[in-house]
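The domain 'Amidohydrolase-related' annotation in TrEMBL covers 82-410. Per TrEMBL, Fe(3+) binding site is recorded for His90, His92, His260, Asp335. Under the heading Zn(2+) binding site, TrEMBL lists His90, His92, His260, Asp335. Under the heading 4-imidazolone-5-propanoate binding site, TrEMBL lists Arg99, Tyr162, His195, Gln263, Thr340. For Tyr162, Asn337, Gly339, the entry in TrEMBL reads N-formimidoyl-L-glutamate binding site.
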Amino acid sequence: MSIELRDTDVIWRNAKLATMNPAIKNTYSANVDGDSIDGLSNYGILEQHDLIVRDEKILAILPTGRVPANQCKIIDVEQRLITPGLIDCHTHLVFGGNRASEWEQRLNGVSYEEISAKGGGINSTVNATRNSSAQQLEIVSQKRLNALIAEGVTTIEMKSGYGLDLINEEKQLNVVRALAQKNPIEISPTLLSAHTVPPEYKYDPDAYIDLVCDSILPTLWQKQLFEAVDVFCETVGFNLKQTKRLFATAKRLNIPVKGHVEQLSNLGGSELVAEYQGLSVDHIEHLDEKGIEALSRSGTVAVLLPGAFYFLRETKRPPIALLRQYGVPMAISTDFNPGTSPFASLRLIMNMACVQFGLTPEEVWQGVTIHAARALGRADSHGQLAAGFMADFIVWDAQNPVDILYELGHNPLVYRVYHGEIMHRDHLNRLSELNYLNENSICDN
Ligand code: NIG
Ligand code: FE
């Protein structure tokens, strides 16, 4: 390959590159309980290679010194690990209030029904979100986002779904847009207006779906406020018929779909998502073989959310062995939300995916890189260290990918590179401080 490097190019040298590129096969082969894992069999490790960045993309990965460096900048990372930036493909990060006291009540023995009867649960977050200004929502969301950015997340999905009317869904998505404009992170916004039935439609959920399909969805799509449509298809959410109506509306506008499905029961939502060639099915603890078969045909990603499983003290695990058997790509995500997964740490969730769901560390890494990228429709541009992909990567003070999810409580991130822009961890800490000061100055007014 003949490449003439420019002065503005950057060479990352002396790294262990976990490329996550399926084309790069190492001798390592994973085996779990006697079953070999379909798909990738390694982290795509490369050593003695230069990772060369031009502008916001990876220009090439070549054996060290293959091309003359000319005047370009060389950063020696002294044998540290470089991985793709983490991708958190399922969050409800923008919301008002929190549900800590509700959780405390539950731990003191108050039943869920009693809490709900007093206006608790998802609708309490809807209330708090409706009663917050866009500015207030942005301040609280920024703090959550800082935590994820600081630990290496470079792409994140954020859902609406706590507004549940046109004005408040728009407000939530406008906050998502503001966060995307002000932060060094790529944000994929999702419309989740069909999250739960709002109180004013309690006795007529079909009329609420009409409102979503006829007004909220087309209006906010026209304003380019989201890139996919999600639904909570569940006995306590929306039924299959309502979900189908929503997906048909999305399809008419060519909008990709995904779904919170098979979390508490099996309604067949996964098959419906597959029928619409959806991006992902999320939660899926109650998914059955028929659903898995449908996913394997449609290429839909299975998104596993161990934070919600843990926080709700669920006992039924997602059907990991069958997902492996059918070669369904599995992604992992925080599902950050106030009710079921208040964890702004993807590294913690990666650890939980191993301990609670029995995934291998390698599967978990795929789950926050290539498969998460696919769940966000970004498989060709994100989630791998490869020529032509976005220069989104992390230099870790670590030797092996497993180190990142093994030892928690301190942050091994040294550099975070987002679209080619280099940030040292001290810079990230400084950013969090600035946001904190900003918040205090707003509170003083
Ligand atoms: O992904 N399953 C539905 N939605 C969220 C929980 C939302 C909430 O409780 O506020 C979830 O777990
Ligand atoms: Fe969720």
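Any Cβ shown, glycine's included, is placed from N, Cα and C.
Keep in mind that TrEMBL annotations are predicted by a computer and have not been checked by a curator.
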In sequence order, those binding-site residues of Tyr162, His195, Asp335, Thr340 whose CB lies under 6 Å from ligand 2: Asp335
Environment of His90, His92, His260, Asp335, the listed Zn(2+) site - residues of the same chain whose CB lies within 8 A of the CB centroid: Thr91, Lys159, Asp282, His283, Leu305, Ala308, Ser333, Phe336, Asn337, Ser341
Site of maximum Cβ density within 10 Å, from binding-site residues His90, His92: His90
Cα separation, Gln263 (4-imidazolone-5-propanoate binding site) to Asp335 (Fe(3+) binding site) (Å, whole number): 13
Of the binding-site residues listed as His92, His260, Gln263, the one whose CA lies nearest the CA of Gly339 (N-formimidoyl-L-glutamate binding site): His92
Conformational class of Asn337 (N-formimidoyl-L-glutamate binding site) under the three-state DSSP mapping: strand
Neighbours of His195 (4-imidazolone-5-propanoate binding site) among the binding-site residues His90, His92, His260, Asn337 (Cα to Cα, within 10 Å): His260
Residues among the binding-site residues His90, His260, Asp335, Gly339 that border ligand 1 - Cβ under 6 angstroms, in sequence order: His260, Asp335, Gly339
Cβ neighbours of Arg99 (4-imidazolone-5-propanoate binding site) where a neighbour is any other Cβ within 10 Å: 22
Spatial neighbour of His92 (Fe(3+) binding site) that is closest, considering only the binding-site residues Arg99, Asn337, Thr340 and their CA atoms: Asn337
Separation of alpha carbons, Asn337 (N-formimidoyl-L-glutamate binding site) and His90 (Fe(3+) binding site) (Å): 10
Among His195, His260, the most crowded of the binding-site residues [Cβ within 10 Å]: His260
Other residues, Cβ within 8 Å of Tyr162, Asn337, Gly339 Cβ centroid (N-formimidoyl-L-glutamate site): His92, Phe95, Arg99, Ile122, Thr125, Gly161, Pro338, Thr340
Chain-internal residues, separated by at least six, CB under 8 A from Thr340 (4-imidazolone-5-propanoate binding site): Gly307, Ala308, Phe311, Leu312
